[in-house]
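A.B. asks: Annotations for this protein, taken from Swiss-Prot, read as follows:
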- GLU49, SER50, GLY51, LYS52, SER53, THR54, ASP163, LEU188, THR194, GLY222, ASN288, LYS289, ASP291, ALA356: GTP binding site (BINDING)
- SER53, THR194: Mg(2+) binding site (BINDING)
- 38-384: domain 'G-alpha' (DOMAIN)
- GLY2: N-myristoyl glycine (LIPID)
- CYS5: S-palmitoyl cysteine (LIPID)
- 41-54: region 'G1 motif' (REGION)
- 186-194: region 'G2 motif' (REGION)
- 215-224: region 'G3 motif' (REGION)
- 284-291: region 'G4 motif' (REGION)
Amino acid sequence: MGLLCSKSNRYNDAKAEENAQTAEIERRIELETKAEKHIRKLLLLGAGESGKSTIFKQIKLLFQTGFDEAELKSYLPVVHANVYQTIKLLHDGSKEFAQNDVDFSKYVISTENKDIGEKLSEIGGRLDYPRLTKELAQEIESIWKDAAIQETYARGNELQVPDCTHYFMENLQRLSDANYVPTKEDVLLARVRTTGVVEIQFSPVGENKKSGEVYRLFDVGGQRNERRKWIHLFEGVSAVIFCVAISEYDQTLFEDENKNRMMETKELFEWVLKQQCFEKTSFMLFLNKFDIFEKKILDVPLNVCEWFKDYQPVSTGKQEIEHAYEFVKKKFEESYFQSTAPDSVDRVFKIYRTTALDQKVVKKTFKLVDETLRRRNLFEAGLL
C-alpha cells in the first residue's frame with residue numbers, strides 16, 4: 001500500500017511539474033507574441049547592386065553593437081576575393097576592347113605586365129582564392145597602374161566593375177599585410193551578393209527604449225533569381241524600403257548584360273507597387289549612390305537611359321547635378337502614382353536622397369523614416 005502511495009505521489013509530482021513547465025512555455029509564447037506585435041517589420045528591396053546590403057550593414061553599425069573582431073575577420077576572404085575578381089574583370093575587359101575597339105592600341109597591356117595579367121586573371125577565375133600576399137599585391141598594383149587597365153577602368157560601366165574598385169586598389173599594401181583585419185569601411189565596401197534572407201532588429205533611438213519603435217529589417221536577394229523568395233515576407237509589413245542606385249542609369253545588369261539597370265529597377269518598382277499585399281503598406285524610396293551620381297552626371301548624360309531620353313540639361317556644375325536629381329525623383333514619383341491603385345492613395349510615400357556609405361546620411365534618413373512611421377501609427381490609431 002505504501003509503495004502504491006509512493007508511486008502515486010511521484011506521478012502527481014511529475015504531472016504537476018509537467019503542467020508547470022507547459023504553463024511556463026505557454027506564458028513565454030504569449031509574452032513573445034505580445035512583443036512581436038510591437039515590432040515593426042521593414043522589407044528592404046531593390047535590384048542587384050542597389051546598395052541595400054550596405055544600408056543593412058550601416059544599420060548594424062549605427063543601431064547595434066557593430067561588428068566584433070570575429071565578424072571583421074570573416075570579411076577578409078571577401079575583400080581579397082573582390083580584389084582578384086576586379087582585376088580579372090579589368091584584364092579580360094582590356095583584351096576584349098583591344099580586339100574590338102577602333103582605337104584598340106590604348107587597351108593593349110604593356111609587355112612587362114602581360115604575363116602578370118594572365119596570372120592574375122587565372123587566379124580571379126578560381127573558386128578558391130589565395131590569401132593576398134605582399135608579392136601578389138605588388139603585381140596587382142603594377143597591372144592596376146598599367147595605362148591599358150586605366151583606360152579599361154574608365155569604361156567600367158560596361159564591365160560590371162564594382163564600386164569598391166578604386167578604394168581597394170589604393171589600399172593594396174594594407175590589405176596584404178600579414179596581420180590585416182578588415183576595418184568597418186572595408187566591410188561596408190566589400191561586395192557579397194545577398195542570397196536568401198537576412199534580418200536585423202534595431203531601434204533608431206536605442207534598443208528597448210520606451211520612446212522608440214523597434215524594427216525588424218529584412219534584406220533579401222536583389223538578383224532576379226532571388227525575387228521569388230520574397231513572397232513569404234510580404235504579409236504584415238509596416239513599410240517597404242526600396243533602394244535605387246541612381247548612378248547606374250548607364251549600366252547593365254550582372255545577370256543580363258542587355259538590360260539597363262535603371263529600366264530593370266523601374267519595372268521592379270512598379271511590380272512591387274502592384275502587389276495586393278502592399279495596398280496599405282508605406283513606401284520609403286531611397287535614391288541611393290548619390291555620391292557617385294553627382295560625379296557621373298557631369299560626364300555621362302542622363303538621357304543615355306531610355307527612361308530618361310526626354311531629359312534636357314540646363315546648366316553645368318552643382319546646378320546641373322540638382323536638376324538631374326530632381327528629374328529622376330520626378331520620374332519615380334510619376335511611376336509611383338501611375339502604379340498605385342486609387343484605393344491605395346492614403347498609404348505613405350516618401351523619397352530620400354541617400355549615400356549608403358555615408359553613416360551620417362543613413363542615420364539621419366532612418367530617424368526621418370522612424371518619425372514618419374510613428375506619425376502614421378498615431379494617425380491610424382486616431383490620435384492625430
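Just so you know, glycine gets a Cβ as well, placed from its N, Cα and C.
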A.B. asks: Can you see whether DSSP assigns ASP291 (GTP binding site) to helix, strand or coil?
C.D. replies: helix
A.B. asks: Between the binding-site residues GLU49, ASP163, ASP291, where is the Cβ count within 10 Å the lowest?
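C.D. replies: Among the binding-site residues GLU49, ASP163, ASP291, the lowest count of other Cβ atoms within 10 Å belongs to ASP291.
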A.B. asks: Please report the three-state DSSP label of SER53 (GTP binding site).
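C.D. replies: Once the DSSP labels are grouped into three classes, SER53 (GTP binding site) ends up as helix.
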A.B. asks: Where does ASP163 (GTP binding site) sit by DSSP, helix, strand or coil?
C.D. replies: coil
A.B. asks: For the region 'G2 motif' (186-194), give the DSSP counts of helix residues, strand residues and coil residues.
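C.D. replies: Reading the DSSP string over the region 'G2 motif' (186-194) gives 4 helix, 0 strand, 5 coil.
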A.B. asks: For ASN288 (GTP binding site), write down the residues of its own chain that are at least 6 apart in sequence and whose Cβ falls under 8 Å from its Cβ; none is a fine answer.
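C.D. replies: Set apart from ASN288 (GTP binding site) by at least 6 residues yet with Cβ under 8 Å, we have GLY46, SER50, GLY51, LYS52, ILE55, CYS243, VAL244, ALA245, ILE246, THR354, THR355, ALA356.
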